[in-house]
Structure formats: structure tokens, C-alpha cells
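Below is one structure, written out as C-alpha cells, with a few remarks after it.
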Amino acid sequence: MLALTTAALAFAGPAVRAPARSVAHMSLSDLPGASIELGGKPWDPLGFAKLNALPTGSGPASNPSLKWLREAEVKHCRVAMLAFLGTAFQTFGPHLPGAAFSEPDWFKASYTFSAQNPGGAAQILLGIAIIEGSTFPEEFWEAGGGSRAAGALGFDPLGLSKGLPKAKADEMQLKELKNGRLAMIACAALASSKLIAGSVPYL
């Protein structure tokens, strides 16, 4: 969800005051995301998409562009879908050899793996840092920046997005968003059930 991302809201005034400049801003309705379930409207309950419509002064933009927010959402969607799939495999199998992998409780398994394989856990974190650092969309911070679509990182080993007409591509993106948002809610529920007693289904 867009609400899962954070935005820098500190505006530093320059020594010489200058009138606020207006730049062309993308609207949330310009991106895939509206669906029948939402009455044909985009999903942004906290209004994060409106941040990029604020004036930025004469210096660098201090608000993330809509493409930056959408890419952050898409990344969270994809990670959450993989995480939910991982917890399902850990719970129901099949299991790999080793104590950490044979433990059906994913929460206990994560601690067991970290304790028995501190180097492996560090490698995972390093891999995440490298991937995130190499794909950080710095050009998206400025309004309208970047020529590629949000979330289009060039990883499509099955070629599912090649040669699709725009309408079909938008439909595929909407499906990814809807499944990813559901996966984020599911992962939040799984974590809450382990960390906060009685939180599910009431939290």
C-alpha cells in the first residue's frame, strides 16, 4: 500500500526566499490501481499521493513523486507475496534437510536459522541491501522523473509482460497490486499473531 511508504516532510527554507515553483505532477488516476471493489477509484486512504502536489520551492524536491511511492508499494507487494509463500512452505512442506528447515513454525524457524547460520543471515541481508541499492529509483524523487514505469525493473524471466497491449498490461499490474496488497495484510496478520497475543482477528 502507499501507506506503507514514508515521506520526508521537513521543508528547509533557503537563505534568499523565492516563490514556490509549480511542476507538472502525475495524478494517481494516471496509474493502474482503480478497481470495481473500490468503486473505480484508486486506493490511497491516507492521501500519500497528494504529497507530490505540494510546492517544492526553488531547490530540489522535498516530496517523493507519485512514481517513487508506487515503486515502493510494488516492491513491498512482491516481497510480501514471496514471504507469504515462504511461510506456507515452511508450515506445510516440503522441507529441506536441517533443523531450521524442518521446523514447521516459521517464527521459530527464523530464529533457529539465524542462530545456527549467522553468516547465512548476514548474506541474506547483504543481498537485500545490494538489490535495493542498485534499484533505488533516485530519478523518481523529482516529479515526472524517470522514463521507465514504476516497478519495471527488467526482471521478467517468463516473458509475461512482453508485447502486451497497454490495456492488458494495466490489467496485469492491477492484479499484481491487488494480490500484493492482500499479501501485505496477510503478512502483517501473521507477524501480529506471533508478537501480540490475541491480536488476530481483532487487531
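Heads up, the Cβ atoms here are built off N, Cα and C, so glycines get one too.
The following features are taken from TrEMBL:
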type	residues	note
BINDING	W43, E73, H76, K175, N179, R181	chlorophyll a binding site
BINDING	R78, E142	chlorophyll b 1 binding site
BINDING	E176	chlorophyll b 3 binding site
Q) Just going by other Cβ atoms within 10 Å, which of the binding-site residues E73, E176 has the emptiest spot? A) E176
Q: Fewest other Cβ atoms within 10 Å: which of the binding-site residues H76, R78, K175, R181 wins that one? Let me know.
A: K175
Q: To the nearest whole angstrom, state the Cα distance for the pair E176 (chlorophyll b 3 binding site) and R78 (chlorophyll b 1 binding site).
A: 8
Q) When you tally the Cβ atoms that lie within 10 Å of each candidate's Cβ, which of the binding-site residues (W43, N179) has the highest tally? A) W43
